[in-house]
């Protein structure tokens, strides 16, 4: 019975999120995303994004122009462990229990990633607001990225106490490295946590937009 309820809940999430992902991808394809773009059929060089969350390589170029995944699972786990140690001084703006979903490029559907604790924090080194989700028990991250000013968080119409948003630089899972843009859905267990997340996300988004403009003007 629990399995049936889980599948029904996931089906609701998928039906309400595909349209949002398509709109976001359309925006990226028009060239307004943070990251790589193309012009005249040739790739153009861009500066490294300020939203990179770790040093895990995205892909290696193989012979004949083919790309191969260059991902070491043990390295990913070690980098996430170091993240927990190195960011203990960050200011916690929001913290609550949740269930996190992500859009899988393999199944073309939303998949449950984990239950755990969602945190919005002010990163002390960059002075940028970021989102981090810690999974229960296994001590790994469910997501880890700075809030991109381009992407608003929107209530998920078919999931109670649910928000959805996108990121261009989350790389905590190997699946995330296969696609530039990531769609996340989070479900909170209380209306209060749902409201507070939306408020803190908006504040963090506005803060990051201002901070990034200031950094750009100083160059």
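Just so you know, glycine gets a Cβ as well, placed from its N, Cα and C.
Note that the coordinates shown come from a computational prediction; the quantities given were computed from them, not determined experimentally.
The compositional bias 'Basic and acidic residues' annotation in Swiss-Prot covers 1-12 (among others).
The annotation compositional bias 'Basic and acidic residues' is assigned in Swiss-Prot to 33-45 (among others).
Per Swiss-Prot, compositional bias 'Basic and acidic residues' is recorded for 57-72 (among others).
For 70-210, the entry in Swiss-Prot reads domain 'RanBD1', with the evidence type sequence analysis.
Positions annotated as region 'Disordered' by Swiss-Prot: 1-72.
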Query = So what pLDDT does the domain 'RanBD1' (70-210) average out to?
reply = 87
Task = By DSSP assignment, list the helix, strand and coil residue numbers for the domain 'RanBD1' (70-210), in that order.
result = 39 helix, 58 strand, 44 coil
